[in-house]
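Visitor: Can you keep this structure in mind? I'll have questions shortly.
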Amino acid sequence: MSLRDPQQRRQTVFSGADLSSSASIDDEEDENGGSSSNGSDASLPSAPAPRPAAEQVRRWRDVFWLGVFVLHLLALGVGLTLLGINRFSRADRLNIDRFTNITGRVNSSQAANFEQQQRSGPAELTETYWPFYGVAGGAAVLLAWAWLSLLGSRASQMMKVSIHGLTTYLAVISVLCFWTEHFFWGVAFAVGAVLQFLYVMSVLDRFPFTMLVLQKAVKMVWDLPEVMHVAYAFMIIMLCWMALWSFGISGVIASSMDDSGRWWLLVVFSISLFWTGAVFCNTVHVIVSGMVFLVLMHGSRSAASMPAKPLLKSLRYAVTTSFGSICYGSLFTAAIRTLRWEIRGIRSKIGSNECLLCCVDFLFHLVETLVRFFNKYAYVEIAVSGKGFNPSARDAWELFQSTGIEALVAYDCSGAVLLMVIVLGGLISGTCTGVWTWFKRSDEVIMVGSTAILMGMILFGLAVVVVESAVTSIYVCYAEDPSLIQRWDAEFFDQMSEALHQRLQYRSARAREVMNHSLDQLSDTPPPI
């Protein structure tokens, strides 16, 4: 597999109007899988960063997916508006309910809903449920603001509370669901609590290094207050879209459709909100990554060689030429990362069951192939070079494979820890909404609560992504030119180099162990007759 010359990669860097070629790589990898080469070179200082290159003009990338995302927003916006207005102030204002009974026959669920509405008085309206989502959005923004505000002084304690608090919170919600006779959701949250507990127990030895990386990323973010302002601005924009989204969702919940029809619509609109939220989060990711990469490249925020208005230039590229790549990657990356974590967890617990191990290995390598083209480190490459998403992800993979940094990234659990923070924030905001809904409309508490959790997770993700952006940028810079990290924080550079050396030694020992085991099996096999 051919790679660009590392020295050539360092020749084009972010200039006064452009971020240029750097590279990134894949998500956390299984410590038992994958191979690495030239790992020792990754911890050696390289040549100092060159001076800014000439201005370059960026091309628009992945325009097809930009068009798909914009059309999706327009279509969903119209649909949500109509569904919300249909039940606003007056039931079936637009006479949409006639489309919910295409066959002309009223099924038993619709008849039961109609009879219940007749007994309970006036029909339910959009404004019955819309305030509940206002509580969800307000609680999520307040929690996210508090989390960002305490990040500089209590980062380590907040991460630890999120890790261990999530298991407890899932168990408590499971008990509440059983108490309210929602057995399916009780089992779902109980399974989530068990899986969370098992995962934390299996990676406890990785947490010291993970916390070290997260603390340095927080230090980087805290020294750049403008990236916090970016997160706040995107939260406000996301809240505006959520106001329309929750308006339509409230109309769906208040409609006369049966439960299955309402749930199908909720699933469709939730997938749309998830994609929209992922696009917003990854846009912030690209903006912050470009800024952090610049700071590491030039040594500090106040360096004389820093280009003018770097944040505005990074923002301009993220919402114009690179926005299509962000939309494309946001559609697949999160799902592939989640699937990969689950397969890695199962793979590590199989033991000696050869048949099951063979099946899981097939799925693992299939997902690894997908990760080669869809990984979160590609967003750093997008910020730096302005390439399309798949080329950025591929270059990221090749860079980390060639330097051996993948062994260090595989050991780091910062992505999983930040995901725990997001889930916990969403659960807390969803619980606040669910408790109020229980006292007002207890029969719809699951519909309102589940969608409120999604809203909370997305809003909280916009706060957490600034830290994740710093983490990915640090790894990319370390792989691209370790001297950049050494110049920024010499002690941290020594700690990363030592950790990388230990991980490469571990992989070498594992490779020898597997080879010796294979040779022993061959020697024990009787010769053919």
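Counting starts with 1 at the first residue shown.
A Cβ is built for glycine as well, from the same backbone N, Cα and C atoms used for every other residue.
Look at TrEMBL and you will find 1-51 tagged as region 'Disordered'. Marked as compositional bias 'Low complexity' by TrEMBL: 33-46. Per TrEMBL, the feature transmembrane segment maps to 63-85, 130-151, 187-209, 230-257, 263-296, 317-336, 416-439, 446-467.
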Visitor: Counting only residues 6 or more past its boundaries, what in the same chain has a CB within less than 8 Å of a CB in the transmembrane segment (317-336)?
Guide: 18-19, 58-69, 274-275, 278-279, 281-283, 286-287, 290, 367, 370-371, 374-376, 378-379, 382-383, 386-389, 392-393
Visitor: When only pairs 6 or more apart in sequence are counted, do the transmembrane segment (230-257) and the transmembrane segment (187-209) reach 3 or more Cβ pairs under 8 Å?
Guide: no
Visitor: Ranking 130-151, 416-439, 446-467 by the number of C-beta pairs under 8 Å to the transmembrane segment (263-296), which range is first?
Guide: 446-467
Visitor: Restricting to the same chain and to residues at least six past its boundaries, which positions have a Cβ under 8 Å from a Cβ of the transmembrane segment (446-467)?
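Guide: 129, 132-133, 135-137, 139-141, 143-145, 147-148, 151, 182, 185, 214, 217-218, 221, 227-228, 230-231, 234-235, 238-239, 242, 246, 249, 253, 262-263, 266, 270, 273-274, 277, 280-282, 284-285, 288, 418, 421-423, 425-431, 433-434, 437.
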Visitor: Taking residues 6+ outside the transmembrane segment (63-85), which of them lie with a CB under 8 Å of any CB in it?
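Guide: Distant Cβ neighbours of the transmembrane segment (63-85) are 93-94, 96, 126, 130, 244-245, 247-252, 255, 265, 269, 272, 275-276, 279, 323-325, 327-328, 331.
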